[in-house]
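> If you scroll down you'll find the structure; I have some questions about it.
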There are 2 protein chains.
Amino acid sequence: MSDKAVVLVSGGLDSSTVLALALQQGYRCYTLSFDYGQRHRSELEAAMRVSELMKVQEHKIVRLDLGTIGGSALTDTTIDVPEQETAGIPVTYVPARNTVFLSIALGWAEVLEADTIFLGVNAVDYSGYPDCRPEYISSFEAMANLATRAGVEGSKLSIQAPLIDMTKGEIISAGAALGVDYSQTVSCYQASLEGLACGKCDSCRLRIEGFNQAGIPDPTRYKNSA
Amino acid sequence: MSDKAVVLVSGGLDSSTVLALALQQGYRCYTLSFDYGQRHRSELEAAMRVSELMKVQEHKIVRLDLGTIGGSALTDTTIDVPEQETAGIPVTYVPARNTVFLSIALGWAEVLEADTIFLGVNAVDYSGYPDCRPEYISSFEAMANLATRAGVEGSKLSIQAPLIDMTKGEIISAGAALGVDYSQTVSCYQASLEGLACGKCDSCRLRIEGFNQAGIPDPTRYKNSA
């Protein structure tokens, strides 16, 4: 078994916590981010910062033009990011995003001969996103084991989603205990280039609530308080 | 059920035949190609030409920098394309390529509300590629139905790989019967910018043998005969 792991990092709170958990478990971590035409490009700066702070083996950014297929407020500038809670699958859902990201992580894992991929999906807070459910993750893992050289040659690839059943408050408590510096992470769907958060979108609202639940002061830099 | 289908087209012989089969079955076809850092960029020209000739609804090219993760002779210029048959999984295998391509097709299918994705994988000729096996395709389909809005809302997404059990000769016979103009397609792993084939790589050798098997004159333009 390899001690290498590919960790998907967005620069946000969840994936930074996952990275800390993977490192704590003794994995040599290779972090992967995507420049996919997202509005919130300060994410990528945060992903680089967090990867460097946590001393990963290597951080790669793959360019991928998901805006070409459209369909989401996060990649299509003609769709507004909602500033109130919405019912059903939100417009910020990017079609098949986790599947695309995991697939590319799978390719890199194959090149690195890593047996483990970590990602920060969470079924509690993102219950409206189909690709954040536990049955989806198991199904991707089964497919991945048929898709690759490793599958043919008999080793086993594992997809780890350690946050899947945790609340935002529990995630923040776990990360804080491992020393994650949340002031370096960006969650906002419409953060400024400098990484200042709006404090209003779904992602900001969940994050604010999470710090409240955890009873930890929120170190996020907001636009209004700037 | 929707009559829209997303069809993965590479500009090669197999995917052009799949497109002809999908059109014959009455689907409105949306073709998808990838600019993924491949050596054989004349593929993309061929994919555009074939999509236009076959009058598809729309053709999209998604940019995706697979060269970033390396690991294949098709995306890494430091690895030579072999000109003789090789044992095991060939170096031209691109890690997780079909998984990545199908995932992006899945995203576009979700945006278009299409229930069907066609791809031209073939288990007979590409038995060395893990992601060309029937059990892989079924497993991707199962995962896809958990990954998307459609899966949550109860419709069923189908992944069609009609060539999976056909020999190259049978594929060419089927396509020729449907009027596919194979002179417009490019299969060579190291074709020139004008689409001239080397006649030596695995892909060229399979194609030449296929025309022999089908008893159809090979319309391919080769570098040597130019």
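Backbone N, Cα and C define each Cβ position, glycine as well.
TrEMBL feature annotations, pasted as is:
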BINDING   A:VAL9, A:SER10, A:GLY11, A:GLY12, A:LEU13, A:ASP14, A:SER15, A:SER16, A:THR17, A:VAL18, A:LEU19  ATP binding site
BINDING   A:CYS188, A:CYS198, A:CYS201, A:CYS204  Zn(2+) binding site
> Return only the integer: C-alpha distance in Å from A:THR17 (ATP binding site) to A:CYS188 (Zn(2+) binding site).
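It is 16 Å, counting Cα to Cα.
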> Return the residues near A:GLY11 (ATP binding site) by Cβ distance under 8 Å, restricted to its own chain and a separation of at least 6 in sequence.
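Same-chain residues close to A:GLY11 (ATP binding site) (Cβ under 8 Å, separated by 6 or more) are A:SER33, A:SER42, A:GLU43, A:LEU44, A:GLU45, A:ALA46, A:ALA47, A:MET48, A:ARG49, A:VAL50, A:THR185, A:VAL186.
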> Just give me the nearest neighbour of A:CYS198 (Zn(2+) binding site) among the binding-site residues A:VAL9, A:LEU13, A:SER15, A:LEU19, Cα to Cα.
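Nearest listed residue in space: A:LEU13.
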> Counting all other Cβ atoms within 10 Å across every protein chain shown, which of the binding-site residues A:VAL9, A:LEU13, A:LEU19, A:CYS204 scores highest?
A:VAL9
> Using DSSP and collapsing to three states, where does A:CYS204 (Zn(2+) binding site) fall: helix, strand or coil?
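It is helical.
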> CA-CA, which of the binding-site residues A:VAL9, A:LEU13, A:SER15, A:LEU19 lies nearest A:CYS188 (Zn(2+) binding site)?
A:LEU13
